[in-house]
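Annotated in TrEMBL:
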type	residues	note
DISULFID	Cys23-Cys165	disulfide bond
DISULFID	Cys90-Cys183	disulfide bond
DOMAIN	40-179	domain 'Lipocalin/cytosolic fatty-acid binding'
MOD_RES	Gln19	pyrrolidone carboxylic acid
SIGNAL	1-18	signal peptide
Amino acid sequence: MALSWALAALSLLPLLDAQSPGCANLTARPITNATLEQISGKWFYMGSAFRDPEFNHSARTIHAAFFYFDVNHTDDTILLREYLTIGNQCVYNSSFLNVQRENGTVSKYEYGKENFGILLLTKDPELFMLGFSLKDEQHKGLSLYSRKPEVTQEQMTVFHEALACMDLHKSEIAYTDEKKDLCGPVEKRHKEERLKEQEADTALG
């Protein structure tokens, strides 16, 4: 849920006018190997804003979230491992995303349909956003992700300006709070398990 795949059926409608002030970050660009390397690794979900009240409510159930992108350049897929703090528990999910290089999108099959998110890189390599249904007044949304569990005021301003370009208000943002994270122990256990597997493979080799 950290990437909000279950929050909306996404449509690839024409993007907003990239020449408007504050809208430059809402321009989809082709995804290259360098792009995949840039987004590979661990990220923190900072917050999102969705016009649909139901989707916004769903986003607010996520108190904290982080995830890992493990990219595969050969078959254009990304292994997503996400750790979500919902209520008083940690929820772990693992799934694959498909990469559409020319369209600048990533997608996931869920509930019998393929849902798309527009990958929006910023000038700051420590941030990226995912745009959803950017011109659909009823379903449009935007999510922010950071390499660190906290962002600077300048980094948050990038998100706020993009929201303003989409005619979304800051009051619609569902923020996360890393202090409420309950998934640290689960992540630690998974790291230990993967290390043991690697050591076993090495021993067999």
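For all residues, glycine too, the Cβ spot is worked out from N, Cα and C.
Model, not experiment: these values are computed from the prediction.
Here the CA atom of Cys183 (disulfide bond) lies 34 Å from the CA atom of Cys165 (disulfide bond). Residue counts for the domain 'Lipocalin/cytosolic fatty-acid binding' (40-179) under DSSP, split into helix (H, G, I), strand (E, B) and coil, are 25 helix, 73 strand, 42 coil. The two recorded residues, Cys183 (disulfide bond) and Cys23 (disulfide bond), have Cα atoms 35 Å apart. Residue environment of Cys183 (disulfide bond) contains 19 other Cβ atoms, counted within 10 Å of its Cβ in all protein chains.
Looking at Cys23 (disulfide bond) and Cys90 (disulfide bond), their Cα atoms lie 35 Å from each other. With a 10 A radius on its CB, Cys23 (disulfide bond) counts 18 other CB atoms from all the protein chains. In the predicted model, the domain 'Lipocalin/cytosolic fatty-acid binding' (40-179) shows an average pLDDT of 92.
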